[in-house]
Amino acid sequence: MARYVFITGGVVSSLGKGIAAAALAALLQARGYRVRLRKLDPYLNVDPGTMSPYQHGEVFVTDDGAETDLDLGHYERFTGRSANSQDNITTGRIYRNIIERERRGDYLGATVQVIPHVTDEIKRFITTGNEEFDFVLCEIGGTVGDIEAMPFLEAIRQLGNELSRQNVIYIHLTLMPFIPSAGELKTKPTQHSVKELQSVGISPDILLVRADRSIPETERCKLSLFCNVRANAVIQALDMPTIYDVPMAYHKEGLDSEVLCAFGIDSAPPPQMDLWEDITHRIHHPEGEVTIAVVGKYTGLKDAYKSLIEAIAHGGLANKVKVNIEWIDSQLFEKENSVLALQKAHGILVPGAFGARGAEGKIRAIQFARERKIPFLGICFGMQLACIEAARNIAQIENASSSEFCETENPIVGLMTEWLKGDVLEKRTRNGDLGGSMRLGAFAAELKEESHIAKIYGMTKIVERHRHRYEVNIDYKDKLEQCGLIFSGMSPDGVLPETIEYVDHPWFIGVQYHPELKSRPFDPHPLFSSFIEAAVEQSRLV
């Protein structure tokens, strides 16, 4: 039977529950245990697919096409295990399931209430499909005290009784702020947070306390006394230079040992930390550095590009270099001198996005990369704009644009109306719902033999994750290829362009999919490894 670890947060949001859960999972995995991570989000949206990146940050897409919380990206990167649609749930999805059951008559005329019906649905989600795992780590989104989180806290309280306390533990992540005027760390916010948690019937077994400096033993003992937690189970979680330092730091503080102790496990094998030691060594002892310019639309919130940032760093790890990211707002880029902003870059990357705002700035950056022979990687929207740039500036196609922006006589990029998902034909209309209506999840692509991208992958058949509603118009393929822009990858049915490249450019690749979603620190995605390698070569030329 799986053992359950519930991770809650208090005092303030954005403390890093997702990183804490992922780091603990990595430590348990390093001891040989099979671990599953799940995220429970209290918001009423069915999923984050239609939420603004400024509101939610990145939408992380799984192989089976689920649009999920960005924390699932951390889960995958730290454990190497691919998440799926059953690893993330929201209040909106819970209520939708319940209302569908009520309409079918499944409740046999009963009055549908938060307790037991909502809490039972939450418990069903938590406990289903865990037979092959030793530990299931569940992160509860939000902060203790939020009204939206109450049904989730009640559900995990009930599970503590139903599964027995030998199979359930609670970890509470809090903040211990330093007050400069007093010159000391304060325990009171954590005390009140634990009191709030205890008021709903949950007493934490372990306190994971965030702080920007070492916590004195006297303060740890104070937290132990007032929060009713063993002194050894008050674990300091100090700020780290990078998120990949966290597993080693938590192991040093004894988090994994305390978790096993709380479950009464005293015969666990020691963790094999060689992998993490190698990663942290590469991070802190680079043999050089390069600068990558990311020309994006949501640069005001870096969480909108969380997986991209990590994948770029992974490319640096593969090449033993530090990668500095130069963020360029594509909208401002339209008004300013593009040459000055990009002159110091050893590589240029245009990531995914939606809408016309900032698109012209990205097109200017793509033109700069093409003409100056600077390594370029265009992802999703970035590939589409690379095709528009080629159509305008090389093929001289008048009014070349995307139907996403405006009505145009030459739609180089257009709305997809149908595509194959396995053996099933999926269809969409322009006026349909936005939520869940894109080409989502893992799709196969076939690469041309001897193409640059096929050499990077070392194969001609690949499977990558997608999230897009628009696609490069296949009707313009011949015209663009005559100008040197090769469609080096296509969907298996030959209808949807998947990758492009220039034959006369040292490194210029566009992909319709999102390779950043499958990159891991210990297994960098080949595209990012090759892109950073090309940037290293470029740095030697300037």
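The backbone N, Cα and C atoms fix where each Cβ goes, glycine too.
Cβ-based neighbour count (10 Å, all protein chains) for GLN191 (UTP binding site) stands at 16. In the three-state DSSP reading, GLN191 (UTP binding site) counts as helix. Taken from Swiss-Prot, the feature UTP binding site applies to SER13, LYS186, THR187, LYS188, PRO189, THR190, GLN191, LYS222.
Per Swiss-Prot, the feature ATP binding site maps to SER14, LEU15, GLY16, LYS17, GLY18, ILE19, ASP71; the stated evidence is sequence analysis. Within the same chain, the residues at least 6 positions away from GLY18 (ATP binding site) whose Cβ sits under 8 Å from its Cβ are LYS39, ASP69, LEU70, ASP71, HIS74, TYR75, GLU139, listed in sequence order.
According to its DSSP assignment, TYR54 (L-glutamine binding site) is helical. What Swiss-Prot lists as L-glutamine binding site is TYR54, ALA353, PHE381, GLY382, MET383, GLN384, GLU404, ARG469, and the listing cites sequence analysis.
Marked as Mg(2+) binding site by Swiss-Prot on the basis of sequence analysis: ASP71, GLU139.
Annotation comment: Swiss-Prot describes 291-541 as domain 'Glutamine amidotransferase type-1'.
Neighbour density for ASP71 (ATP binding site): within 10 A of its CB lie 27 other CB atoms from the protein chains shown. Secondary structure from DSSP puts GLU139 (Mg(2+) binding site) in a beta strand. Other than SER14, LEU15, GLY16, LYS17, GLY18, ILE19, ASP71, the residues of this chain whose Cβ falls within 8 Å of the Cβ centroid of the ATP site are, in sequence order, GLY9, ALA20, ALA21, HIS74, GLU139, LEU173. Listed in sequence order, GLY378, SER402, ILE412, VAL413, TYR470, GLU471, VAL472, GLY510, GLN512 are the same-chain residues at least 6 apart in sequence whose CB falls under 8 Å from the CB of GLN384 (L-glutamine binding site). Cα-Cα distance from LEU15 (ATP binding site) to PRO189 (UTP binding site): 14 Å (rounded to the nearest whole number). Residue with the densest Cβ environment among the binding-site residues LYS17, LYS186, LYS188, LYS222, ARG469: LYS17, by other Cβ atoms within 10 Å.
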